[in-house]
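Student: Please read through the structure below; I'll follow up with questions.
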Amino acid sequence: MSIVPKETIEVIAQSIGITNLSPEAALMLAPDVEYRVREIMQEAIKCMRHSKRTTLTASDVDGALNLRNLEPIYGFGSGGPIRFRKAIGHRDLFYTDDREVDFKDVIEAPLPKAPLDTEIVCHWLAIEGVQPAIPENAPLEVIRAPAENQIYQQKDGPLIDIRLPVKHVLSKELQLYFQKIAELTLSKSNPSLFKEALVSLASDSGLHPLVPYFTNFIADEVSRGLNDFLLLFNLMHVVRSLLQNPHIHIEPYLHQLMPSVVTCLVSRKLGNRFADNHWDLRDFTANLVALICKRFGNTYITLQSRLTKTLVNALLDPKKALTQHYGAIQGLAALGHNVVRLLVLSNLEPYLSLLEPELDAEKQKNQMKSYEAWRVYGAILRAAGLCIHDRLKIFPTLPSPSPSFPSKGKGKVISTEPNKRKLGVDSSENRSPHKRLIATDGSDGGPSPMQVDRPTGDANPPQNSVRPSSSEQASDGNAPESRNAKEKDDSKGRAITRKAILDQIWKDDLDSGRLLVKLHQLYGDRILPFIPSTEMSLFL
Amino acid sequence: MDPEQVDEFVMGYLKKKGFNNAAKQLQEALHHNNGGTFNSTDYHNDPELTKLIRSFSQSENDPTRYRDGYSKLRSWAYNSLDLYKHELLRVMYPVFIHCYMDLVGKGHTREARAFFNSFRKDHEMIHLRDLQKLEGVLVPSHLEEMEFARSLRQSKVNIKICQYSYDLLLQYLHRTESTLMLGIINEHINFQVYSGQPNSSSDDIDAVTIVGSFQETADHINQKEIQWGLLEDSLEDRLEKTGSLLSDSEKGQGESKDGDVDDSKKRSNEIGKQGSSLKKLKKDKAGNATAKVARQETSIVSPAPRVKPELALPVMSTDVEESILEDLRNRVQLSSVAMPSVSFYTFVNTHNGLNCASISHDGSLVAGGFSDSSIKVWDMAKIGQAGSGALQGESDTNDQNVGPNGRRNYTLLLGHSGPVYSATFSPPGDFVLSSSADTTIRLWSTQLNANLVCYKGHNYPVWDVQFSPFGHYFASCSHDRTARIWSMDRVQPLRIMAGHLSDVDCVQWHPNCNYIATGSSDKTVRLWDVQTGECVRIFIGHRSMVLSLAMSPDGRYMASGDEDGTIMMWDLSTARCITPLMGHNSCVWSLSYSGEGSLLASGSADCTVKLWDVTSSTKLTKAEEKNGNSNRLRSLRTFPTKSTPVHALRFSRRNLLFAAGALSKPAS
């Protein structure tokens, strides 16, 4: 009936020294106790409301007891959280841990730090109905035009003109923040803290006044610290975070930021130690560049064209180092397939001929050089491959060749995705042997060194077997491998039925067809993993 | 039916009703007849009668009958036609609580609790707070003790219901012979039957609210006449008048001067002030500068009627008057397209101790009342200077503000012996009043930084105190369920307003000083005549305790905010709610009208300041009433703060909005 069980009453009675409480009395008391407790809580809630709070505290209950002319309950007013402990062996029984304290300990304990005194800070919550994006305000969903500076004006009407050229005043907090971030970026010793700093950079509102300082800082440090690989990486992370922050209005500072970023992409030398993995940095920066172009390409039309021009120049200059070429290729690749098709593929032939001697292990004695060359080769292969893959995906989906194939084909399309990823990241030591492996035997008979090759290996034989018949080009020595007669017949039959459709497609996409042919000429089989098998079958 | 059974029933019935003699006689008669035949004549053949007798003889105390009756009625109401359903469901709540109280009253505590718990879900949405109160009632004596329960028992609930719904209900009750439910309904519900179609469900809020015994008295009280107009010869008025006069007739300058002289004569007669020539001079100046502004104002604001002050109002010094006029001239016109700027004062390091905050009329002084009995007053103008100095480097420019114990840039006022619940600045900012849990109100001077007077009168914590718009007088309200009017020069209250059924939580002056409004935990707002001390309006509609009040500058409307975050706009003359403004989801601590009454700002515990367009709500009401448009929300802007509940708001005379709150760490 009552939520206070009579056992509780009995326990309370015992605790205050009443031993002969009859059970009936306890039973009668229980509902009344509940009523009184509720009454006190109701008054306590009133006290809480008048203290303008939404959480009930022990002092509110004391206030309520006062209202009823009762003595407050002592010992809970400290404001600290009361720790309840579970009684062992009982599920719902709790007690407060009330230890005895030795006076000596209390007296000898050092005085606690004095609490900070109450203060008032003033800021603009809104200026003519618009909330300025300052740290004092809650972060906004969308950036409105940020007020250039905050004038802490006490009285009178709204600011008449906030866009007046005024001295840029940074609050102390912002200055500290900037210093801290700069230190973290430079120190490189505390990666976890740096990570948190990046998160803060990417999410905090009110950092806007610091943006010019950050761009300056980045530009300075990049030009100074080209030998310091980690620093550069950190700086690029900072740029990325700044770009990600939705509250920052970074556009006006892009022109300052871009040179440093591009430097990190196509500089001859990044970092001075052999162990420094500057390839990663270039990859990362390439993505960054792409991100910038994507976000601001619409407002700055010249941005992308200028960027690609720089990159293509870097790529086509034979005097430039291979590392620079690599960066340029990655940058272009990240900008999208159209850029690759227009700029890279058109220059592919001359460039590959340029690269040829470097690739040859016999001719190129310098181990390092040949490694770099393979790296560049891999990058350009990946770029071209992705481009053609994308290109081929535009084809209208055609009736699937045979009931057995579509499933296989689908599997292929999906499996090529991880392939690309892997290929891009894998070091060329891994790649070149397997490339050779494919080039030499091309069949799925040989065990593939990597698990990624498995699906492509499966796909290869039928494609190989029909290519000569469908395309006019001479096979580059990859003799059609007859796997079994049945399959061959199958594919031939398919080739005939497809003929009509193919002609049409050929006309439509002669371009891509030629492209593919060209790529194949240049790369041989290595391009094949990029080509989805369903599309591949079209060329049969 | 077996005649012996019938006899038994009759016996039981008589005994239960205490007709012992009759019972004895019957018994004797039965003995005589020995199961005789003479009384077995009629009711064998009358099933109606037997049933009735059976229902009577069934022990009336049987607690399950309440449950059965209620659940049957409930399922019937829920299955009724959609059109009439909401009206019928409205009946359920009073029946529910009275069933519960009947059960408690008869001592069936266990059954009462079970009954309560099984049906409370139905009513939780609307009546949560009442239910929480009632839940604790478990013993008959509680019913007597608890005011809320007692008033419920004694009063009848008014329910508006359309003719057809009423017929349906009666039919049902008669058909099923649920006499118990019928009894409860007859006893506690007063149906106001009207012909025609049932109202739409959400329309009639006061139909749902169960108030104490004063529904009728409220209706009666609300018939009284009130003069909600502004004071004649107020400063705004004069500004307007001089402005329009000058602009209207440059030629008739002499005339206007005459008018002014008349004006000031009247004024000086009324309040006994001499030396109006100075004032006149100033007024002329004022008029020239603001002719344009004033004209705009007059075109926008429909003129409010003017009334005479019932209190002898204090005389304003010319300096103060001049500064006010200056402010009024420089007022920014606000509307739904021209938003105000909001300056926010954040209290930091309050350690959860800030109970109230108050901002002076010009925004330069901020007072905070703390739970450690202290009051701290900041002079923001000084802090601004000192702050900028400190930012450049280590400077000691704020030495003059430093108190006896070190660097402190506020004035500490100590005197209370309990948490300070409210503080208010006099209009010129030279005095502060504070109210505390120690039942006193104290008057402090901001110039002397000292306590001047201690007003003792309330018997319980004083929740709120407010200076009148002209100073000198102030109103306070307390846990002792009264509101009191005081003047600064007397330590005894001038008037005591008694009538609220629970704590009076907030108080606010009408701009013409003739009325005060009080908000209470009994969920009503009342308007009191200051001169007579009578209640002249009762505003019923809130569903939880009223925490904040604001009066529109033209004196026509009032806004009140409650614990749930609902803000209600009331028309003072009709005592009707114009529109509820929903949007906040926690306590509305503070409300403030902009200078010309076009915007309402509300500050809430949900850490937002909201701006509401109240001009449109007052204009559109009529049109809305016609077509029953439901789109009444006119929230213009929401300014979220950084985890700072908004304790105080004030529009300065120039229409800059000041807000204050204590930074609190977000939960978790």
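One-based numbering along the chain as shown.
Placement of Cβ uses the backbone N, Cα and C atoms for every residue, glycine included.
In case it helps, TrEMBL gives these features for our protein:
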DOMAIN    B:60-189  domain 'TFIID subunit TAF5 NTD2'
REGION    B:243-301  region 'Disordered'
COMPBIAS  B:248-270  compositional bias 'Basic and acidic residues'
REPEAT    B:347-380  repeat 'WD'
REPEAT    B:413-445  repeat 'WD'
REPEAT    B:455-496  repeat 'WD'
REPEAT    B:497-538  repeat 'WD'
REPEAT    B:539-580  repeat 'WD'
REPEAT    B:581-622  repeat 'WD'
Student: Under 8 Å between C-beta atoms and at least six residues away from its ends: which parts of the chain pack against the repeat 'WD' (B:413-445)?
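Tutor: Sequence-remote neighbours of the repeat 'WD' (B:413-445) are 320, 355-362, 364-365, 367-377, 451-467, 469-471, 474, 476, 478, 486, 488.
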Student: Could you give me three numbers for the repeat 'WD' (B:581-622), the DSSP helix, strand and coil residue counts?
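Tutor: DSSP classes over the repeat 'WD' (B:581-622) add up to 9 helix, 19 strand, 14 coil.
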Student: Pull the DSSP breakdown for the repeat 'WD' (B:497-538) and write it out as helix, strand, coil residue counts.
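Tutor: Per-class counts: 0 helix, 24 strand, 18 coil.
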Student: What are the helix, strand and coil residue counts for the repeat 'WD' (B:455-496) according to DSSP?
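Tutor: Helix, strand and coil residues of the repeat 'WD' (B:455-496) number 0 helix, 22 strand, 20 coil.
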Student: I'd like to know the mean pLDDT over the repeat 'WD' (B:347-380).
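Tutor: Mean pLDDT, the repeat 'WD' (B:347-380): 91.
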